[in-house]
Structures are given as C-alpha cells and as structure tokens.
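Novice: First the structure, then my questions, so here it is.
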Amino acid sequence: MLREAFVTSKTNDGNTFNDIAQSNGEDFWKILQGPIYSRLYNIDNTELNISKIDYGYIYNENKILGVARLRQVRVKPNSCKLHKEFAKRNFTQKCYAEYTIDKEDQDSFGNNSLNIFTSDAWNYTSVNQTKTSVYTGVVSEYGGGGYVQLFTRNANTTMEILRELERNSWINRGTRAIFFDVIVYNPNINLFCHIRLLAEYPSSGGAITSTSIRAVKLIRYISSIDYLTFVCEIIFTLIVILQIIECVIEIFDKKYLFLFNLWNLINLITIILSFICILYEILNHFSTTKHLSELLKIENNYPNFDELFNLKINSDFYLGLTLAITWVKIFKYLNINKTMLLLNKTISSCLNEIFAFTSIFLIIFLAYTQLGWILFGRYLTEWRSFRTSIFALFRMILGDFNLYAMRNVGQIIGPLFLFSYIYFVYFVLLNMFLAIINETYSRIESDTTLKTYKITKFSMNFYQLILRKKSIDYETNLKTRGYTDDDIKKIINKYDKNKDGNLDEEEQKIMKHDLETGQLKLNQNYEQQSTRLLLDDDDDDELIKLDMSSIVASNFCENNLIELRLDQDMEYDNDIANEIKN
C-alpha cells in the first residue's frame, strides 16, 4: 500500500515516480507536488470534509512520525578537467564529475536573498547533524550529509517551500542525488516503516530512480505470542551457552585436530553466528528502549531511525544466516538413513571434481563477461559495467535475454555471442557437471562396502542413534572365542526376532539363557568352546569362560599346523631351486 501511495501514484499527465527522466528536475517537482504531497497531507480526504486530525496519516492507518525530509547530494563545480581541445575553443561551461566522497560539494550555493522559506536548504549539513548512514544507489554510494530541507505539518507552507525550491533552481547540474525520506508507524500491525525515494542524476545526464521501503518491528513484546517468543529466545540463549562450553572442552581435548572435521567447523560457525545474534538482540533491545521514546516526541523535525533500523536488519540477517547453516547440519543426522548416506557419500566423493569443474566454468564465464561488457556496454543498460554483465550472463543461463537488442548492436556478433555462450554453458559445461555427479553416484552405489546401505524404501532407523554399551559388540567377542562368521550370522538370525540385524537387550537375554543352559548348539565342533555371555548391567565387562583349555589347545594346534605347512613349502621351494641350478 505504501508503494502504491508514493511510487505508483500518477500525476495529472499520467507519470509516476519511476518515470522521472529529466536532469533539470522538472518532472521531479511535478511528482513531489502532486501524488506525494497529496498522500502526506490527505488532500483527497480534505476535499471530503475529513477532520484536520487526520492530517499526518496515510490511508488513515499509517501515522507519519515527525515530518518528511528532502536531502540533496552535490559535487563541486570544475571537479573534472576539460580536454585541451575544448579549452582552446573557449568552452566556458563548468565540468561536474561523477559523485565520490572527495568530490562532494560542501559549500553554500544559490541566492539567499531570494529564499524566504528555504534558507537552510542551500547550506551544507554534516553527517554528524543528519545522523544518516551511507546509502548505495544504482549509480554510486552516497554519504550521509547534504543539503537538507524539512517539510512542515502545514500543507500550505510545505507547498510554498516546494515551489520556492523549484523556482530558485535547487536542482541544477551539480546535483547528483536527491533523497525523500519519511517514517510511518502502523499501530494495527505494530510495524515501523522507512520510505526512501531516490532520484540520481548521473554525470552522463538524465535521472535514475529507485525505491527502498523497510518495515521492522521495534516494539517487541506486546502480545502473548511475543512473550512466547521471548521464552524461546531465553531457551535459545541457554542452548548456545551449553554449546559454547561443550565446544571449548572439545577444542582443548582435540586441539588443532578439531578443525580437521567438517562438521566441527560447521558447528563452530553456527555457535559464533548464534552468539552474534544474541548480542544484536540485546543491543537492539537497549537501543530501542533508550532512543524510541525520544524519537516519538519529535514533531517538527525528521526523526532519524537509521540506527535502530540498521540494528534490527543486521540482527535479522545474522539470524537468517544462522538458520540456513543449521539446516545444513541436518545432513549430518540424515546419515542414519541408508539412502541419504549414499547421496552424502556421492557429494563428498566428487568435491575435487566439482572444484575442477568450477575453475573451468569461471574461466569461460569471466571471459564471456568481459567480452559482453566490451561489445554491448556502450549500447545496452544491462551490460553497462563488469558487475552488471555478470548478472546479465546469469540471467542468460536462466533463459532471460534480449536477442533482438543484441542483434541490433551487431547482426553477426550479437547472435554469435549468444549462441556460442549457450553452446559452451548448456551443451558442454552443464553436461560435464551432470556426468561428474552421475559417474560418482554409480561408483558409490556399486561399492561393496556400501551395499548394506542400499534400500528401496525411505525409512528412518533410529535404533542406531541409541547409545550402546561397550559390551554390545558381541560379534567381535564371539570371534575371539572361536566362532566363525557363519556361526555368528546363524546366532543373530536365530535370536533376532525383529529382523533389524542386531540383538537388542531382550534378545541378548534369551541368548544368554540358552548359552547358560547349553541349549545353543550350532555343531559338534563348537559345543565345548567358550562363548561370551552378557551379564547383568552392573558388570558388562565380565565374561563367563567355559572350557578355556579346549580353545587354547585348538589355537595351538592350528598355529603349529600352519608353521609346519610353511616349513614344508620352504623346503619344497629350495629343492626346486637346487635342481634348476644343477
């Protein structure tokens, strides 16, 4: 609604703020004295005999805080040098360079004797007085100072101010940008909104417009949902503190080896970002408590909410970044699923190939970026700089391009540039990337060590998340007691009632009972061998040893038999070697 009120509202001749194009400011004053002025002072509602108490409201719901403000940024006259050929021909017109901080004009201009309502608008106001942060527009980055003119709460006085500025040429060749700022508050949704309309006047002539509308929630805790959010924030803070303590202990334990684990690095980054979010929230709370009441008392000046808005926006940025990295951590816990483990192994296994592919892609991409900038930069807006050329090529990957405009630049070079770029990106590089993923996936899937993770249905096996006791590794203990792999598989298949491939506590108790009573008989060769029994939970490391002498004797015989065979083989090899020599 606010965008419709200030940006898309039309003048009598059908133009909007985005249609401003003249460098002399004529169309800018028409927009400012037309729809913007009408929205600020509810001129349409006044014609319907609405009470004057509605002055200062936009659409009867958005309260204007203080008054609106105009701020102009200028460059010094003769800030650029004329070529000597023009100097010879007595080219008397002054040269105004493009805007930079060192070329910014801070001197007074205009004829003060002609200014009745706008005497302050012709004098420079420093950034310390405006308390405005640096702003990046379409053309350049602008400082916080400038030539400031405030609106008033009286509609007639404000109109006189605008007409005087236009009449005395407040906008001239030295103007590089004009900011229109207004702060509104909607109590229905508890949001503060900063509306900024920017008209830039580049050194090449003309005008470029842009709009910034930022809405933030500065008054945090009002409703029950807000207090629930406050409780969640306290819980989040406690969790972060525990994570910090755990991370510090682990770093002291593993030292530099801690950094060689990818998930440890991701966890460390998450903790740092979470701590930054907490600091921003605390700083935002105290800054709002300190400055908000003072800003709301301002009536005849522009209340500068830049500091509070920037704190809240930065806080939301770090919060969003933290949440994004936290979602990535889910991949670590999805490894309990066999299908997801296969996909993760595929991605991690082809990282080197992807890095190599990225290098090739960047070489080709940057080459086409520079070529497009040189070929079309002086003709097409989307190729006007190296940075915008990068975005233009990315848009071409998504199919967003203007072939006719490129063909108008060159009947041959335009289509040739487009088709060659599509050929290398789509038909070569894209298929190369897919081939890398496909080949790696096929290799991982056929890996015999990962065959056990191949399943046909997506299912979560949370049993692997349960912390097991050290004595749960019954397979290794059974092997040390003389059981073969086939015998262990038979035991597991016999007592694994739920068919999950492992023996839980109940199944181990049944196996223990059968072993104690002698009911577990696989074959006659191992009836008298010892086996590991799971005892009570109080002593998991104790083992019941049965007939240990038979196992020792069996192992001794097997070892002697192997040594005897090795000696016989060595004697046989020596005899063959002697016969060959003879």
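Placement of Cβ uses the backbone N, Cα and C atoms for every residue, glycine included.
Feature list, courtesy of TrEMBL:
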- CYS80-CYS95: disulfide bond (DISULFID)
- 227-245: transmembrane segment (TRANSMEM)
- 265-283: transmembrane segment (TRANSMEM)
- 317-334: transmembrane segment (TRANSMEM)
- 354-376: transmembrane segment (TRANSMEM)
- 412-437: transmembrane segment (TRANSMEM)
- 483-518: domain 'EF-hand' (DOMAIN)
- ASP496, ASP500, GLU507: Ca(2+) binding site (BINDING)
Novice: Going along the chain, which residues at least six beyond the ends of the transmembrane segment (412-437) come within the CB cut-off of under 8 Å?
Specialist: 346, 350, 353-354, 357, 360-361, 364-365, 368, 371-372, 375-376, 393, 396-397, 401, 403, 406
Novice: CB neighbours of ASP496 (Ca(2+) binding site) within 10 A?
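Specialist: I count 16 other Cβ atoms within 10 Å of it.
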Novice: Expressed to the nearest Å, what is the distance separating CYS95 (disulfide bond) and ASP496 (Ca(2+) binding site) at their Cα atoms?
Specialist: 89
Novice: State the Cα to Cα distance, in Å, between GLU507 (Ca(2+) binding site) and CYS80 (disulfide bond), rounded to an integer.
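Specialist: About 88 Å separates the two Cα atoms.
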Novice: Take the Cβ of GLU507 (Ca(2+) binding site) and count every other Cβ within 10 Å, whichever protein chain it belongs to.
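Specialist: Looking across every protein chain shown, the total is 17.
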Novice: In whole Å, note down how far the CA of ASP496 (Ca(2+) binding site) lies from the CA of CYS80 (disulfide bond).
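Specialist: Between the Cα atoms of CYS80 (disulfide bond) and ASP496 (Ca(2+) binding site), the distance comes to 87 Å.
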Novice: State the mean pLDDT for the domain 'EF-hand' (483-518).
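Specialist: Residues in the domain 'EF-hand' (483-518) carry a mean pLDDT of 72 in this prediction.
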